[in-house]
Amino acid sequence: MESQQLSQHSHISHGSACASVTSKEVHTNQDPLDVSASKIQEYDKASTKANSQQTTTPASSAVPENPHHASPQPASVPPPQNGPYPQQCMMTQNQANPSGWSFYGHPSMIPYTPYQMSPMYFPPGPQSQFPQYPSSVGTPLSTPSPESGNTFTDSSSADSDMTSTKKYVRPPPMLTSPNDFPNWVKTYIKFLQNSNLGGIIPTVNGKPVRQITDDELTFLYNTFQIFAPSQFLPTWVKDILSVDYTDIMKILSKSIEKMQSDTQEANDIVTLANLQYNGSTPADAFETKVTNIIDRLNNNGIHINNKVACQLIMRGLSGEYKFLRYTRHRHLNMTVAELFLDIHAIYEEQQGSRNSKPNYRRNPSDEKNDSRSYTNTTKPKVIARNPQKTNNSKSKTARAHNVSTSNNSPSTDNDSISKSTTEPIQLNNKHDLHLGQELTESTVNHTNHSDDELPGHLLLDSGASRTLIRSAHHIHSASSNPGINVVDAQKRNIPINAIGDLQFHFQDNTKTSIKVLHTPNIAYDLLSLNELAAVDITACFTKNVLERSDGTVLAPIVKYGDFYWVSKKYLLPSNISVPTINNVHTSESTRKYPYPFIHRMLAHANAQTIRYSLKNNTITYFNESDVDWSSAIDYQCPDCLIGKSTKHRHIKGSRLKYQNSYEPFQYLHTDIFGPVHNLPNSAPSYFISFTDETTKFRWVYPLHDRREDSILDVFTTILAFIKNQFQASVLVIQMDRGSEYTNRTLHKFLEKNGITPCYTTTADSRAHGVAERLNRTLLDDCRTQLQCSGLPNHLWFSAIEFSTIVRNSLASPKSKKSARQHAGLAGLDISTLLPFGQPVIVNDHNPNSKIHPRGIPGYALHPSRNSYGYIIYLPSLKKTVDTTNYVILQGKESRLDQFNYDALTFDEDLNRLTASYHSFIASNEIQESNDLNIESDHDFQSDIELHPEQPRNVLSKAVSPTDSTPPSTHTEDSKRVSKTNIRAPREVDPNISESNILPSKKRSSTPQISNIESTGSGGMHKLNVPLLAPMSQSNTHESSHASKSKDFRHSDSYSENETNHTNVPISSTGGTNNKTVPQISDQETEKRIIHRSPSIDASPPENNSSHNIVPIKTPTTVSEQNTEESIIADLPLPDLPPESPTEFPDPFKELPPINSHQTNSSLGGIGDSNAYTTINSKKRSLEDNETEIKVSRDTWNTKNMRSLEPPRSKKRIHLIAAVKAVKSIKPIRTTLRYDEAITYNKDIKEKEKYIEAYHKEVNQLLKMNTWDTDKYYDRKEIDPKRVINSMFIFNRKRDGTHKARFVARGDIQHPDTYDSGMQSNTVHHYALMTSLSLALDNNYYITQLDISSAYLYADIKEELYIRPPPHLGMNDKLIRLKKSLYGLKQSGANWYETIKSYLIKQCGMEEVRGWSCVFKNSQVTICLFVDDMILFSKDLNANKKIITTLKKQYDTKIINLGESDNEIQYDILGLEIKYQRGKYMKLGMENSLTEKIPKLNVPLNPKGRKLSAPGQPGLYIDQDELEIDEDEYKEKVHEMQKLIGLASYVGYKFRFDLLYYINTLAQHILFPSRQVLDMTYELIQFMWDTRDKQLIWHKNKPTEPDNKLVAISDASYGNQPYYKSQIGNIFLLNGKVIGGKSTKASLTCTSTTEAEIHAVSEAIPLLNNLSHLVQELNKKPIIKGLLTDSRSTISIIKSTNEEKFRNRFFGTKAMRLRDEVSGNNLYVYYIETKKNIADVMTKPLPIKTFKLLTNKWIH
């Protein structure tokens, strides 16, 4: 601040009668914030140095020829307040005072310029430069020494300097603000010193060294009046001048007093922060020093609490005191007094054993720390020290403090307290000395050590007849068993261990000895005055000294509390070692270690563990007998009680004695379980259970939420049920303290009904054991039932209810009765019960047609509460019904050896149990149903393996002509309904409803076979069947080929070589050749089974002949054909070898669907298959390593089973609920804080670079006038909403430079301080890629620019203040912002508006509509990304012209001008671009990935081989619960964020081939299982292996008259969680890939065609926007094309038949697509699936296919 103030006024010139001298203005780059606490002590010195180093330009200091020419006073120096300046004159040292120098009655009448009146003023000579201050000037405010009377300078030395050489005086600067007055006073005092007036400056006591003369008073007044205008004076100065306007001395005196106080505070803070203590000085002196500093700071308003003070003290401890850092740092309530207690004890022990010579040597294997216990009757002291360092500091202590601890030749001056060796110290409490008084032992101020004891001292006791001491270190000639009886004042015996001599070595160098008794059982060390008197020593309490009768002073006495003390340092230590002293003890208990000490020493272990460890010698140095165990049993350690606090223990059976008085149904336990996630809306998410205490009867009720009204309804129901059914009244309900139970609504309800709520205590779930155990039991049963039955999870509550019914009927081992028996109910009739999930057939009493089947397959759940029926789940209708019209599905097969639940049945047992129930299906109906069952619902594989000796035709009762099995073998099996013993589908539609309503009348007759050439799974080979089969003929078609289908399955005549379609092997009987079944995609299966309504791509009836294929509409005109050829010609599509068309025989058309059995979510999707993979032999290439599709046992009959939901893979769920106590996920931080980059940075070179960057940033902030430097604001005066924190962040840029940035904490910015409507725009990546593509095709020059500190060019409109960073130490000050600082919410928008306005108005650019940050004119295109600019132009001079205009306003740096005709390399927004005009452009990130990927800690190349694809089909992500602790979970989530973040950045920039894998793994960031991490590692590994790959562009043919913009679309149907489809699009401009997108469809599609329509609808808007951009940047005509491999989608888009739009949403979407295609001249064409490069966006592909689709555009 001061140097800044000086620089602002350094242009003041010295005007005189003989010269006009001007000084060069000095600019400074000092950071106004950089005033940290560490620099306070240097502040005055730095201020003086700044004054002394101000220089002038030699050329401007020349003196005019006429020495008597008077120049006018500069305008910057205002005239005196009482009038203008009179005629000026000058004076030299060798001349007499002029006439104007005489004293006048009023000082304002003096006719001279004040600084010319200084006795030290000299005019400059003709050839001399402007005078400078001496380079070394003492600080004017330094504390005076006792010898010098002047505070600031020695006048005699100044006079001698004045006689030897001329000294020129510069005037002080002008005062411009009241806040600058303290700094101005310093410069003014310096001015007086240099003017030889240092003697009149007041000292610290307020009085000057000499009397001020009248002339000097006049000079003082006038200079003060001129350079300190009254309007800028502080209030307290004005108050002084209002009393006496000439009392400048009083102002100076008070200013010095204030400055001294500030300096003292700064010095105290620095001293406290740099404390050092190793025992070389007395502990009481160190304590006095510290406590005085703390007291002074507290008195001055700087509060230092105990925690901070203790930390500062402990940080400075060294030597034997260092261990206190580790023994004390865990204590939360530690005080300074307690810390000094241990310091005094160690010092006392250290001094006592300084000269002792131990008579034992420690074994090196002994423990490092030696523990000693010092017992005290008031408070024991426990000391732990290192005996190996006992005498290390001996010589050092003696030299530093003249304290002798040796018996050999003590010096005369040892331990003397003299003024010459003691520095003065200031104390601020009642025990302190006056200013300048010396510190003596009689005035030591101590804190309480133990009660009122003064550590390290002996208490002078006039009533004691003997001297007693607790420590044996000072006893000479000790002897044990003295036989002396000693009693205290209360007549209690004091056991004496030894007697000896106590030897004193006083400061007069005399030695004295008295008798002393040793005992550890006293509170103080007592020194008997009677025994001192016996050796001619008395205590004088008036002088506070011990003296002899002749008046010789021996030692000072210290008064502490109510007693007088003498220091132990006058005692001579004995030569007795510690073990010898222990042998002197006679009491066994006094020689043992106290248990509390051992307990604390051994990490607070319990007494039993410690005793066992000592007994087994696992702890050495002392034995079990060395510890006093008497207090171990009853000892309560407060730290253990706090640190090891646990919940109270529950005694088994303790609950019963409180509830014996209750009758049945009077005492209930209740609890709520939930929520269960990822369920349809109709399914309950919670259940509430009730248990009767007496009978243990249970009730469960489903809940959809935990609202008060929902809970109240259940309570009302259960209370009414108990009252009416059991004639009982509930008296007490026990529950936990959840908000659902403690709300006011339920509390009032219970109070109204007279029920007492009994709540558990806080966090005591074990007290609620009855309800908790019931919930656990029911959930265990639920999981088991769902696993056994295979039913979907949304039926979980049905399993709970089934378990409740059974559990109420089972007897308890304790009571020998069931809950139903205790309640007086009959036992459960098991004949009415079915196994949970038992397959049944339910009668459809209201079919659509008389010829439709009457049976619907379902699963039995539990008996109905409201009827005599059974609750049965019908998957095909997605409903549950309450009915008695059902029949159990039976079968004889079972495979107990494999424990196959799907085959395991107990039909005979079920028949016996249900014998009394008659089936609604007649015997002839059973036979008839079996005859119609032409498609088996069994797993072919399992059927053949179960009965190899008797193969059974599972397709039909008829026998194949080629089947060798006689028809009679099937007769017995055909008499009963075929068993459908399979698992139910795991997942169903989320909109499934649970109701008791049977299917409605309006239903589709049969499932519709959809387009066989489906593309959702990657496409199939074209089959020789109708693509759009008529719905009315589908049944006939299937029926007519039943026998053919059957014949095919049992025929050996079919050869694998007849088709290229993927075949699945099926085991045959008796060693016959394997039969093959063509693989049919899951999409086809779903269409055949699920869809009841007409297919969206259904067309009018056509001939069923396999030779008639319905063609897709194609362009009929020659122009359209040419356009199609033109669009497809330049695309980077794969080159495929020609293949001959293959037709499947008719039997293939009627094969039942075969589903892939999958239990996990697939990385590649559900049931993905690929059209490019052909299996013509048993051997398979490594590149075609697809997972082999197996025949599913879950295949259901599509005719008789009525569209049962096919099995699907499990949902991919982010099971965050399984993670225990996850609170927050911290974002990833890539920058460093100030303390990390500079303060604690151990890398010196890096630290220096960051410091350099820091100063560079500070200078830039000052240069840009980022804030108002004229005023600092008090934090209390500003609205907190407008105050924003700030910080410095540091990072290393990609080019290796180190960057520092001063930013605001916009993340905590208040919403009222910015306009949320303003947006910060940057160039879209598609816009940049489009511009680069056009630049290549048109031979443009590409120039890259950077604008330094861009945001700081934008002004800020709002009134905002920032708080300086913490490391600057200005916590209470604020600065008002003037510029848009980085980090503010509005900074980006302000900069965007600023640069946008400049580009439009000054550079003649215009922004492209719809594409922010893209500007153009007739010659130049600009892409703006914050402060980076990319210029495109055909003429390089046009770019240079824009650069010249930008440099007029902004600090613009040219990164790459782009003028070379050779290959030029760019780094544009992370893309490494190689560009040669007119030839090619390559985009990659090799250097960046080479640097970043190794830092991710991913194991690269673990097997030493490179991956060929980022993933493979057939990989599935398990949904097992993620049991992991919070810290590990956060760590893994952070790792996933880093890995997926980098992958997303790379994929979005140019690696579009990775987007599908990135998108899929990004959905699992919050589910970081081991499997997910491994898949992510594999993706990063592939990126590492292919880091050198580049997106290759070549210049378009010059003959092309048009720009061609193409979007290639693809979709993968239902391969994402919740049956969502994956859609993908790739965009190409003139054959160059400029962008790609892979995402999950926002809505659930019900067919492949719908998914394709959704994908196309996502591509068209962006295609139109890109078309507009291309037309704006390049005036060529443009052709827009859209390619898809779905012919049905093209047919619907081009069709005018609105009947195809069979549902509201997709019908509307398809109609909109049709309008957009026709209205935007968009060409839609078909592309073969094999050539669809967008396939990589929607599914995982085999290596061969992946390479085939990508090697044309990225390699």
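Each residue, glycine too, has its Cβ placed from N, Cα and C.
Database features, via Swiss-Prot:
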- D461: active site, for protease activity (ACT_SITE)
- D671, D736: Mg(2+) 1 binding site (BINDING)
- 1-16: compositional bias 'Low complexity' (COMPBIAS)
- 48-60: compositional bias 'Polar residues' (COMPBIAS)
- 127-152: compositional bias 'Polar residues' (COMPBIAS)
- 153-165: compositional bias 'Low complexity' (COMPBIAS)
- 402-418: compositional bias 'Low complexity' (COMPBIAS)
- 960-969: compositional bias 'Low complexity' (COMPBIAS)
- 1005-1015: compositional bias 'Polar residues' (COMPBIAS)
- 1038-1053: compositional bias 'Basic and acidic residues' (COMPBIAS)
- 1054-1082: compositional bias 'Polar residues' (COMPBIAS)
- 1101-1111: compositional bias 'Polar residues' (COMPBIAS)
- 1338-1476: domain 'Reverse transcriptase Ty1/copia-type' (DOMAIN)
- 1610-1752: domain 'RNase H Ty1/copia-type' (DOMAIN)
- S416: phosphoserine (MOD_RES)
- 1-93: region 'Disordered' (REGION)
- 126-173: region 'Disordered' (REGION)
- 352-421: region 'Disordered' (REGION)
- 956-1087: region 'Disordered' (REGION)
- 1092-1111: region 'Disordered' (REGION)
- 1130-1187: region 'Disordered' (REGION)
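In the three-state DSSP classification, D736 (Mg(2+) 1 binding site) falls within coil. Across the domain 'RNase H Ty1/copia-type' (1610-1752), the model assigns an average pLDDT of 85. With DSSP classes pooled into helix, strand and coil, the tally for the domain 'RNase H Ty1/copia-type' (1610-1752) is 72 helix, 38 strand, 33 coil. Over all protein chains present, the Cβ of D736 (Mg(2+) 1 binding site) has 21 other Cβ atoms lying within 10 Å.
DSSP assignment over the domain 'Reverse transcriptase Ty1/copia-type' (1338-1476) gives 34 helix, 51 strand, 54 coil. DSSP assigns the residue listed as 'active site, for protease activity' to a strand. Classification of D671 (Mg(2+) 1 binding site) by DSSP places it within a strand.
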